[in-house]
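Trainee: For reference, the structure I am asking about is given below.
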Amino acid sequence: VDATFKANSGHPGAPMGMAPVAHVLFNKFMTFNPKNPDWINRDRFVLSNGHGCMLQYALLHLFGYGVSLDDLKNFRHIDSITPGHPEAHDTPGVEVTTGPLGQGFANAVGLAVAQAHTAGTFNKPGFDLITNYTYCFFGDGCAMEGIASEAASAAGHLQLGNLIMVYDDNHISIDGDTKCAFTEDVMKRFEAYGWHTQHVEKGDTDLEGIEAAIKKAKEVTDKPSVIKLTTTIGFGSKLQGTGGVHGNPLKADDIKSVKEKFGFDPEKTFVVPQEVTDMYHKHAAEGAAAEQEWNQLFEKYGKEHKAEHDDLVRRLTGALPEGWQTKLPTYKPTDPAIASRKLSESVLEAIHEAVPELMSGSADLTGSNNTIWKNAVDFQPPSTGIGNWSGRYMRYGVREHAMAGMMNGMSAYGTIIPAGGTFLNFVSYAAGSVRLSSLSHQRVIYIATHDSIGLGEDGPTHQPIETLAHFRALPNMMVWRPADGNETSAAYYVMLTSRQTPSIIALTRQNLPQLEGSTIEKAIKGGYVNLEDKEAQITLVSTGSEVSICLEAVKYLKDNHSIKARVASMPCVEVFDTQDQEYRLSVIPDGIPAMSVEVMSTLGWEKYSHEQFGLNRFGASGAYKDVYKKFEFTPEGISKRAVKTIDFYKDVKPLRSPLNRAFQQLI
């Protein structure tokens, strides 16, 4: 109450209503060590939407996580460690970055998946190393969001008995009483998903009932559990039970009334009674002792299972196995033309044993995304008979958004690098979670096939146009669009070694030739000269399937127009942007015009080219070669535009590279 009032911003209602269950959960059930927030076997806690972040920050302060009273007083201030919604990389003890409704729900499912997989991989008889639970609070708003429904369905199928959700049944959303928009029976829905359900009717006061419900939920090991907790939003406030207490600080007179009601001095702020501090510190000390006991078990484990011990230690550092990159496939120009989705599959086949933390999967498009290796075992409950907990292939079902949210949680757990496939056009379904991958610095890989009009007959509903521009605009996201096998291997090298940045790799359905000028070493720079000519009159800058067409256009220009051209391949502009200016100007130099060629939106290419040849309209249904011809993405069509570009800029002296910008030194 004090923090939101001081900030004149925030959500006091949910924290006031959920304080009783938080008190019981953290002190009676959760095991963690505030002195080491990264201890692998700690219980995880997630706020599905982040509206209760002030409750979480208060708990982190009480347990001694390094969130001070001053941090609480600076709630929502710029550069504070108590931002407006939980951010994992800002605040010690916050597991995942949430805020948009339902995201934390999917993250929690992903954390539970990661725990089950890690336990299945490393636990041995007599060594129950990984035993933690994941707990999550969610409310009516999250229950309405599609991503929560997708993730709940997946969790029920996966029988995640290590996952316990608490549903804050307070009947309030931002628009007011939920009777205006949300009247379903939530528990019946969860029962249908295969969850164990309970109801605590007096969530404001029945601490014994809350404790009994959580205890019972932990006894159910073959289903995820949800506890419907009927609470009063803003419990104790004059506005309790109304929408007025959801997203607005309490008024001064209401604050005094609340403090008097609960036995506090109404004239004092940010007061923590010593008995509360002592109680919470006592439980924190118990958590530290639990970790010490675990460390002794892990030391003994290392003597009996050295390989597994060393593997887990390495994974927790984020480092990859030594020499793994030597497994990456390389290609010669004489090798056959192959679709880049198949080239991606070849990388997975080649490296999956060398990188055991890599978990692949697909949103019901395994055969199209080519995301599975030959001897892959599904991650499934053993009772299904179609996989086991140590399996490394995820069947996400047609749940793109949940897949992305779950992968964020899987990555946050600390032992897994998740990769998940869908069509590039349908990554847009998952955009909310993809954005949080970037914001929370998760090493997540989105394998996005069928990347352009080149997918052909499925037509404009499936052909991406704006998608790459959208995700290239997203901070801290690498978007790769490789032109051949070496560029695909280079993409995987950078994606896997970038610990703080997620990636999207856009892959073709159609076959692509292996390029003479490509190598892994060149492509890991994000952009490079694929074909050089010191007398060139134009630079063709391209990505993916259009690079080989540009190379054909070079020959056409020479044979039909006596024009010399050079080609720059740009598989990842974000990585290219990190290179020094001298190198970048060697790729797109001063003195001659540059023209970009990519069969989708031209938005953003003005940064790298004087003129842009792209597709700023929807595609068409037909054989892919016919579609390319229709839109003139052919050697002839590219050449026609190259000639016009050269003619237009012939009198511009000196012609500066588009990379030379006024703000270049600031970027």
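Here the Cβ of each residue, glycine as well, is placed from N, Cα and C on the backbone.
Unlike curated records, TrEMBL annotations are generated automatically.
Quick paste of what TrEMBL says about this protein:
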- Glu400: active site, proton donor (ACT_SITE)
- His11, His246, Arg341, Ser368, His450, Asp458, His462, Arg509: substrate binding site (BINDING)
- His51, Gly99, Pro100, Leu101, Gly141, Asn170, His246, Phe426: thiamine diphosphate binding site (BINDING)
- Asp140, Asn170, Ile172: Mg(2+) binding site (BINDING)
- 338-514: domain 'Transketolase-like pyrimidine-binding' (DOMAIN)
- His11: site 'Important for catalytic activity' (SITE)
- His246: site 'Important for catalytic activity' (SITE)
Trainee: Need one number for the substrate-binding residues His11, His246, Arg341, Ser368, His450, Asp458, His462, Arg509: the maximum pairwise CA distance in Å, whole number please.
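Mentor: Maximum Cα-Cα distance: 48 Å.
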Trainee: Looking at the binding-site residues His11, His51, His450, Arg509, which one has the fewest other Cβ atoms within 10 Å of its own Cβ?
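Mentor: Among the binding-site residues His11, His51, His450, Arg509, the sparsest Cβ neighbourhood within 10 Å belongs to Arg509.
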Trainee: Go through Asp140, Glu400, our recorded positions, and report the one whose Cβ sees the most other Cβ atoms within 10 Å.
Mentor: Glu400
Trainee: Nearest to Pro100 (thiamine diphosphate binding site) by Cα distance: which of the binding-site residues Asp140, Ile172, His462, Arg509 is it?
Mentor: Asp140
Trainee: Please report the Cα separation of His51 (thiamine diphosphate binding site) and His11 (substrate binding site) in Å, rounded to an integer.
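Mentor: Checking the Cα atoms of His51 (thiamine diphosphate binding site) and His11 (substrate binding site) gives a distance of 6 Å.
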Trainee: List, in sequence order, those binding-site residues among Leu101, Ile172, Phe426 whose Cα sits within 10 Å of the Cα of His462 (substrate binding site).
Mentor: Phe426
Trainee: To see if you understand the setup: which same-chain residues, six or more apart in sequence, place their Cβ under 8 Å from that of Gly99 (thiamine diphosphate binding site)?
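Mentor: Asn49, Gly50, Gly84, His85, Pro86, Leu436 - these are the non-local Cβ neighbours of Gly99 (thiamine diphosphate binding site), listed in sequence order.
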Trainee: Just name the winner among Asn170, Ser368 (the binding-site residues) by count of other CB atoms within 10 A of its CB.
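Mentor: When each Cβ's neighbours within 10 Å are tallied, Asn170 tops the list.
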Trainee: Given the thiamine diphosphate binding site residues His51, Gly99, Pro100, Leu101, Gly141, Asn170, His246, Phe426 in the record, what is the largest Cα to Cα distance, rounded to whole Å?
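Mentor: Greatest Cα separation within the listed binding residues comes to 34 Å.
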